[in-house]
Amino acid sequence: MALVIYWYDIVCFGIVAASLGVSFWVLWRRELASKCDDNIIYQSLLVARPDITDRTVVPAMPGNHVGSSQLWTSCWKQVHPGWLLATRSISFLVMAGLLWKDIVEWDATIFIYYTEWTFMLIMIYFALGTVMSADVEEDGTATSITYKEKKSEGTVKLGIHCAEEAIRERAGFWGYLMQIIYQTCAGAVILTDIIFWCVIVPFLSNSHLGLNALMGCIHSLNAVFLLIDTALNSLPFPWFRLAYFVQWSCLYVIFQWVIHACGFTWWPYPFLELNTPWAPLWYFAMAAIHIPCYGIYALIFKAKNSFFPRLFPRAFVRSY
């Protein structure tokens with residue numbers, strides 16, 4: 001890009017700016033301005049939970065909020081939270097080993113790739129999930145919570161050990177961050193793997209690509225580990241958090257602009273180049289593709305909540 005800016009560069013800047021603007025507007029409308037009905041008692045990682053005198057009541061939550069227990073419990077009734085801890089910690093360790101091998105082989109310049117950004121983000125999600133689950137195990141609360149479902153005046157009651165209050169307080173900011181990263185990774189992993197396997201590998205000749213077993217693992221295990229976690233966890237998946245996925249991609253694009261303005265000449269992805277009149281078309285296509293990529297994972301989540309309850313009605317609990 002150097003310091004020469006053409007009309008089509010300005011159009012590309014406008015596409016990214018518009019994407020950011022719309023994403024912030026969606027979050028303002030759905031994330032920050034959301035409210036609960038007056039008759040609903042709820043706990044939230046974004047909005048402070050009101051005082052509850054009856055500690056046998058598990059608060060109900062609107063779809064865009066995340067309960068602290070959802071961070072470490074499984075959607076399968078008979079699955080101990082320790083299994084979720086195990087899968088998350090193993091996923092983190094395997095991915096850390098792959099990333100370390102990638103850095104050793106190619107050095108730190110691999111972080112100019114969107115794939116490596118997303119790979120690192122998934123690792124952060126598994127690290128946060130491991131910490132959340134480990135806290136529960138250390139406090140001994142995982143085995144002290146008994147699930148006794150019964151309805152009384154329209155309220156679901158569960159027997160809860162009082163030590164969960166400490167977990168709820170610690171879960172606040174980091175738990176909410178974990179939910180955001182989870183949904184950002186969901187869209188990003190579909191985007192990276194589809195572009196890698198369907199566009200870059202068959203059609204683009206890239207001397208920096210170095211396709212080998214390691215690259216194949218990085219562009220497949222990222223999705224495999226996240227899908228395993230999705231099959232086990234109790235986290236919700238509201239559509240509006242597509243906005244975080246869009247912001248994540250915009251941040252990467254801006255990073256590319258900055259390093260090229262500083263003199264970096266090589267583009268890791270040809271469709272991000274600005275020195276062509278076709279650039280606005282590519283940028284618009286990349287902005288639009290975020291919707292189906294996020295939608296694919298949303299459909300996977302919907303299938304989980306649609307088919308598993310039918311196949312295992314007594315073992316599966318829907319994630320909302």
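Including glycine, each Cβ sits where the backbone N, Cα and C put it.
Automated prediction, rather than curation, is the source of TrEMBL annotations.
Quick look at what TrEMBL annotates:
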type	residues	note
TRANSMEM	6-28	transmembrane segment
TRANSMEM	106-128	transmembrane segment
TRANSMEM	180-204	transmembrane segment
TRANSMEM	210-232	transmembrane segment
TRANSMEM	244-269	transmembrane segment
TRANSMEM	281-301	transmembrane segment
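Here the transmembrane segment (281-301) does not touch the transmembrane segment (106-128). Their Cβ atoms form fewer than 3 pairs under 8 Å, with each pair 6 or more residues apart.
Long-range neighbours of the transmembrane segment (6-28) within the same chain, counting only residues 6 or more positions beyond its ends whose Cβ lies under 8 Å from a Cβ of the stretch, are 240, 242-244, 246-247, 250, 253-254, 274-280, 283-284, 287.
Across 106-128, 180-204, 210-232, the stretch most heavily in contact with the transmembrane segment (244-269), judged by Cβ pairs under 8 Å, is 180-204.
Cβ atoms under 8 Å from those of the transmembrane segment (210-232) belong to residues 74-76, 79, 83-84, 87-88, 91, 94-95, 98-99, 101-102, 105-106, 115, 118-119, 122, 125-126, 129, 185-186, 189-190, 192-193, 196-197, 201, 300-301, 304 of the same chain, restricted to positions at least 6 beyond its ends. Residues 88-89, 91-92, 95-96, 98-99, 174, 177-178, 181-182, 184-185, 188-189, 191-192, 196, 210, 218-219, 222, 225-226, 229, 248-249, 252, 256, 259, 268-269 of the same chain, all 6+ positions outside the transmembrane segment (106-128), place their C-beta atoms under 8 angstroms from a C-beta of that stretch.
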